[in-house]
Protein chains: 2
Amino acid sequence: MDSITVFAPATVANVACGFDIFGFAVDNPGDQITLTASPEPGVRIIDIIGDEGRLPREANRNTASIAIQTYLQHINRTDVGVDVVLRKKMPLGSGLGSSAASAVAGVFAINELLNRPLTVRQLIPFAMEGERIACGSAHADNVGPSLLGGFCVIRSYQPLDVIRVNTPASLYCTLVHPDIEVNTKDARFILKNEVSLKNTITQMGNVAGLIAGLMTPDYDLISRSLVDVIIEPVRSILIPEFNEVKQAALENGALGCSISGSGPSMFALCRDPQTAERVGAAMQQAFLSVGISSESYVSEINQQGPKVLTTAEVAS
Amino acid sequence: MDSITVFAPATVANVACGFDIFGFAVDNPGDQITLTASPEPGVRIIDIIGDEGRLPREANRNTASIAIQTYLQHINRTDVGVDVVLRKKMPLGSGLGSSAASAVAGVFAINELLNRPLTVRQLIPFAMEGERIACGSAHADNVGPSLLGGFCVIRSYQPLDVIRVNTPASLYCTLVHPDIEVNTKDARFILKNEVSLKNTITQMGNVAGLIAGLMTPDYDLISRSLVDVIIEPVRSILIPEFNEVKQAALENGALGCSISGSGPSMFALCRDPQTAERVGAAMQQAFLSVGISSESYVSEINQQGPKVLTTAEVAS
């Protein structure tokens with residue numbers, strides 16, 4: 001093939017109690033990338049659609065093209081030429097893993113275009129390099145689930161150890177993105193470097209409970225475990241009406257509700273699609289009560305990771 | 001019945017990464033208690049065998065009798081009279097949940113003697129009261145698995161939330177108790193009150209990995225997750241030759257090895273009984289190289305919790 005278009009899913013990192021170690025993928029939203037083979041070696045950004053001109057077009061500054069470049073260097077194929085068109089289908093700086101989705105779409109697409117020299121799991125480090133550009137450190141809690149699908153645990157970074165955990169057949173995610181912006185670096189900067197042993201113990205209990213709840217499955221246990229005593233109390237001050245929005249989600253039947261990634265988006269997990277829709281409407285209403293508009297997305301947990309939308313042979 | 005003898009299992013608390021939240025029960029060692037109904041109201045310690053006279057004989061200072069008293073008060077049966085004979089079948093102050101086993105044996109036995117007014121799970125708080133006497137705070141990471149059997153997560157203390165997690169069909173525990181003593185209160189006192197966020201993240205990753213590894217089951221994941229970066233580096237200084245003993249366990253095929261509870265006993269988890277026996281011998285040899293004798297116990301994970309050994313009707 002000469003051309004390929006790939007979708008990669010948005011992701012919810014942290015998932016309340018699992019700061020830097022938990023993340024899951026959703027079916028909606030996500031990014032699209034189109035790669036077209038070119039006789040001229042190198043990676044070029046031809047166009048980015050949907051970012052209102054905010055993302056860098058230089059190939060060595062863009063998260064998707066850097067991921068592709070790093071991959072091509074690793075497999076010794078810097079002779080390959082590829083033109084990139086990126087369609088941002090989700091808000092930037094939203095806490096929905098926007099940069100990870102672009103990087104994942106990029107490496108997944110180039111690996112397909114070259115007939116899969118590497119397995120999907122082997123692509124994680126190259127997508128992480130894209131993340132390093134976007135947020136200053138190479139995190140895997142968005143990249144992992146965006147690439148592998150499902151709910152992932154980043155058990156360790158050195159060496160990298162990403163585990164995929166089964167989730168209940170019926171589990172829905174509501175995402176609400178308020179039209180405000182939180183910088184990922186700021187959101188990390190305000191965190192304290194020390195945690196009390198007491199809070200560490202509480203958080204570990206919820207981490208264990210959430211994994212056991214997802215794998216059993218046990219919805220009540222999932223619900224009791226979606227509690228974050230370390231990060232949420234600090235970061236939630238960056239999100240206006242956080243407590244009211246969370247309360248609205250819980251009162252409308254969500255299993256739990258917290259910050260998606262570093263925010264400002266918020267996620268809720270629900271047992272069924274009707275509840276997820278109702279929860280989304282209630283969360284949007286709570287934001288609107290202080291004049292903040294928002295977008296809401298409802299989907300199942302994405303189990304597949306990226307998918308090929310179209311391929312084409314270009315007549316020579 | 002008028003008399004009952006109950007066995008309650010020893011337990012390994014913490015299990016490397018899960019300080020204060022993980023614990024599992026073993027088939028060997030354990031404590032035995034015999035309760036005999038008496039017409040005279042109140043709980044009396046008639047005899048304690050195997051403690052070399054070190055445990056208090058006063059009913060309001062002994063962990064087993066306090067658990068029974070608290071239970072009788074709760075069910076409004078202070079009219080009941082019971083004589084207690086406790087057979088300590090494991091070392092005291094060993095990190096094997098000795099006080100928990102006595103308390104659990106006591107409450108389980110009195111509940112059986114009275115024809116089960118409460119469920120086994122409902123007995124946890126009364127056994128915890130016994131623990132409070134023994135170590136100054138009412139922990140559940142020994143009491144929980146000793147009562148429920150299996151591998152337990154103490155997700156939360158307020159409210160108490162004890163979750164039982166499935167373990168692989170073939171999973172063996174080696175326990176080695178060196179003939180030295182570590183006071184539980186001292187072992188807690190030397191811990192720092194603050195943990196770095198970085199270590200908290202690492203520990204949470206291992207907590208999640210261990211639960212996923214046990215439930216999948218995935219022995220390699222269990223092995224990679226049996227790592228403690230918070231407590232073991234501090235407490236291991238109280239155990240002579242700790243590093244050498246641990247190394248001996250790992251070199252002989254253990255999935256992991258760490259301190260049992262607050263020590264000085266050490267545990268190792270193994271895939272099969274032959275490995276568990278070999279690991280035990282190697283650990284004992286490492287202790288012996290610096291002149292420390294030890295006892296070794298090998299058993300499966302106890303799935304049942306306490307069991308009734310004998311009951312008797314006393315002719316009136």
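Using N, Cα and C of the backbone, Cβ positions are placed for all residues, glycine too.
Other Cβ atoms within 10 Å of the Cβ of A:G95 (ATP binding site) number 29 in total over all chains. Under the heading ATP binding site, TrEMBL lists A:P91, A:L92, A:G93, A:S94, A:G95, A:L96, A:G97, A:S98, A:S99, A:A100, A:A101.
Marked as domain 'GHMP kinase N-terminal' by TrEMBL: A:66-150.
As a summary of secondary structure, the domain 'GHMP kinase C-terminal' (A:216-287) carries 39 helix, 9 strand, 24 coil according to DSSP. Taken from TrEMBL, the feature domain 'GHMP kinase C-terminal' covers A:216-287.
Under DSSP, A:G95 (ATP binding site) is assigned to coil, being neither helix nor strand in the three-state scheme. Take the CB of A:G93 (ATP binding site) and look out to 10 A: across all protein chains shown you find 21 other CB atoms.
Long-range Cβ neighbours of A:A101 (ATP binding site) (same chain, at least 6 residues apart, Cβ-Cβ under 8 Å): A:A8, A:P9, A:A10, A:T11, A:G30, A:D31, A:M90, A:N142, A:S146. Secondary structure of the domain 'GHMP kinase N-terminal' (A:66-150) per DSSP, as helix, strand and coil residue counts: 46 helix, 7 strand, 32 coil.
Comparing the binding-site residues A:P91, A:G97 on other C-beta atoms within 10 angstroms of each C-beta gives the minimum for A:P91.
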